[in-house]
Every structure is written in structure tokens, then in C-alpha cells.
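Novice: Take a look at the following structure, please.
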Amino acid sequence: MPPTNGQTAIIQSKTCPTPTTLPLVVAHGRPLPPLPSSHHVRVRVLAVGLNPTDHKMVTHFFMQDNTTGCDFCGIIEEVGSASALPLGLRVCGADFPYRPSNPYNGAFAEYAVADSRHLLQIPDAISNIQAAAIGAIGWGTAALAMSDPTALNLPGTPSKPDARSLPVLVYGGATATGIIAIQMLKRSGYIPIAVCSAQSAPLCISLGAVGTACYTSTTCVQDIKALANGQSIKHALDCITDPESTTVCLASLARIGGRYACLEAVSDACITRRSVAVKVVMGFEGQNFDVDLGHPVYSRKANPALHAVAAQWAAELQPLLNAGIIKTQPLEEIEGRFEGVIKALEMLQGGHIKGKKLVVNISS
């Protein structure tokens, strides 16, 4: 049962008792988040996965005293009346706590709340930290990039693959989102072409990429086009989103144009092709909440259609998870529970982690 005297959580605070590069502190006696709908459940958190958004949001959109953390694995201990899942089930998923109207919910806590329609049931063969690495931020972002009509608008799914076998460029193929996107695209009938380092190429190919191009190569664009085997590339997912990645993606798309989905705001100066439709994908749009960050690109209104997309993809991925097919980046477990989370986020922010997913056990 949830504690009656509040819970422990990592919150945003500029009054940290010890020096830290991030405005985060471990707080006790925090209120438990309420269930915002009859579809939501309360989960006792067992382990968490860390994402770049967890340090970027508290750095650029600081919200005093808000709880933090997205990806988690845990056990359902309370259910809403319309929950799709029962009590006692071990699940993984995510919340997006970085919004002003959501001060108490977040994965970096003893208890988190999530929409049951977006959770995955964890098979016994998958450990807590493996499940936390799967979470939902990566696959949820990839799902919206693929299926949002204003993003890549790709209709294929694992249960109904697209028979056209279209090539899809994934820049940053070895990132957490890139890795799951390659798998989702491959299972949905598409031909993923990954841009990554030479060291990450074997991993991307093993997950379903038809081939890789090295982002440091002077022939990167030519190599990408060669991997398309004569087909025009009309879809690109940019999991890095900087001037270099944007340039490569746009140059790789067909002369007649295409679609470019990215994960960060892009300078207008970088968008050099009017024939390319651009969408900055925010994974939190799948949660169907208003998110007002005071920024024209990152603020979004609740979107029921994208909430349905996320729910559809949870249903699509469950059989793959049951079969042991879904893979993540190699894991690096950081000790220390909540203090370990802050340490790990500082490692991630400092650029010390490449090609690994940081995970932390929370259960004592």
C-alpha cells in the first residue's frame, strides 16, 4: 500500500544542500500524485531509465518543486475504474512530468501514475532494469514520428506491414529512440537506413537496418542514397537534430520532397527545402495533456488522436515484448537509488555516456 506519510521523490530545486550541476534534490514526504482519469493506475516504482530530456527539461524549463523522471518499471498497486490492466501486474511505461500542471507525478519517485492504455506488461524473463530501459519515451516518440499524419505519416504497423517496403532514414540510429525506431520500422514493413558511428553499425544492422552510413564521412549523403538501392527516400527521422544532422537528412530526401521528423526545434536557416514537410515530434503529445512551456515549438495542446496512436502502438508492441524481440541500448546500471539517479543524470548531461542506457534500481 502507498505510504500515508508521503513518498520520496527527486524534485526540481535551486536550493540543493550539496553542490550539483543540476537543480535537483531528493525530497521526502511528498504528496502522492492523484489518478487524473479512470484509465490511470498508480505504480510502485521498481527501476527507472534515464533520458536526455530529464536533464534538458530541468535546465531549460525549470519548475520549482516539480517531480522529475519519465521511464519506469513497477507494479500496479491502484487502478482506476476503467483501467485496462489489473492490480499486481509488473509494467513499464512513462510519464512526462515537466509541465506546470503536474507537480507531483514523475518516474523518479516511489510511486508514479500512468495511463494503463500506454503501459506494457513485462514478461518474467525481463528484469526490472531491462523493463525500465524500454519504458515508453523511446517507443512513444518513435510511434508518433511514424504514425502522426503531420510527421512521417507512415501507415504500416507490425500487425499490418506496409507492402511498399519504403526506405526510411533514421539519423542517430544508435540512440535510444533510434534503436527502437529501427525495430518498429522494420517490423512495419519499411527499410530502415541508419546514420551512426562505425562502432554502432553492427548493432543497428542486427536490429533491422539494411545498412548504415557514418555521420563523420564526407560521403554520408551519397552512402545513404546508395543504401536505398535506387528508391527515392521520402521519409527521415532525425534523433539527433543539430545543424549537421538536419543538413544530411534534407540532402538525402528525394528531389520532389518528403517528410522530416525531428526531436528538437530546428533553426529556420537549416530548413532549406520548401518541398519537405517538417514536424518537431514531442513524445508527450501522446499523453493528451496540455503542455505549456512558454515556447512556441515545445508547447502543445492536448491531442486525443495522438493519444490513440500511442495506445495503438502499445498494443502492437506487447506481442513483440512477449516474444523477447524488443531490444534496447546496452545497459549501464548506476547504484544509489535516488542519489544515483542524480549522479547518472549529471553523467548524461556531461556527455560521458555514449551508446548506453543508464538505469537505476529504486526498490530497496
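Residue 1 is the first one shown; counting continues down the chain.
Glycine residues also receive a Cβ, built from the backbone N, Cα and C atoms like all the rest.
Given the structure is predicted, the values throughout are model-derived calculations rather than measurements.
What Swiss-Prot records for this protein is below:
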type    : residues                                                                     : note
BINDING : 53-56, 174-177, 197-200, Y215, 263-264, 353-354                              : NADP(+) binding site
BINDING : W139, G140, T141, A142, A143, L144, A145, M146, G283, F284, E285, G286, Q287 : substrate binding site
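So where do these features actually land, and what's packed around them?
Specialist: Other Cβ atoms within 10 Å of the Cβ of T53 (NADP(+) binding site) number 19 in total over all chains.
DSSP gives G283 (substrate binding site) a helix state.
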Novice: Measuring Cα to Cα, how many angstrom lie between T141 (substrate binding site) and T53 (NADP(+) binding site)?
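Specialist: Per the Cα atoms, T141 (substrate binding site) and T53 (NADP(+) binding site) stand 12 Å apart.
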Novice: Please name which of the binding-site residues listed here, T53, A198, Y215, is nearest in space to W139 (substrate binding site), Cα against Cα.
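Specialist: It is T53, whose Cα lies nearest.
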Novice: Whole-number answer please: how many Å between the C-alpha atoms of E285 (substrate binding site) and A176 (NADP(+) binding site)?
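Specialist: Their Cα atoms are separated by 19 Å.
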Novice: When neighbour density is defined as the number of other C-beta atoms within 10 angstroms of a residue's C-beta, which of the binding-site residues W139, Y215 has the lowest density?
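Specialist: Minimum Cβ neighbour count within 10 Å, taken over the binding-site residues W139, Y215, occurs at Y215.
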Novice: Find the shortest Cα-Cα separation between T53 (NADP(+) binding site) and the binding-site residues A143, A145, G283, Q287, and name the residue that gives it.
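Specialist: Closest recorded candidate to T53 (NADP(+) binding site) by Cα: G283.
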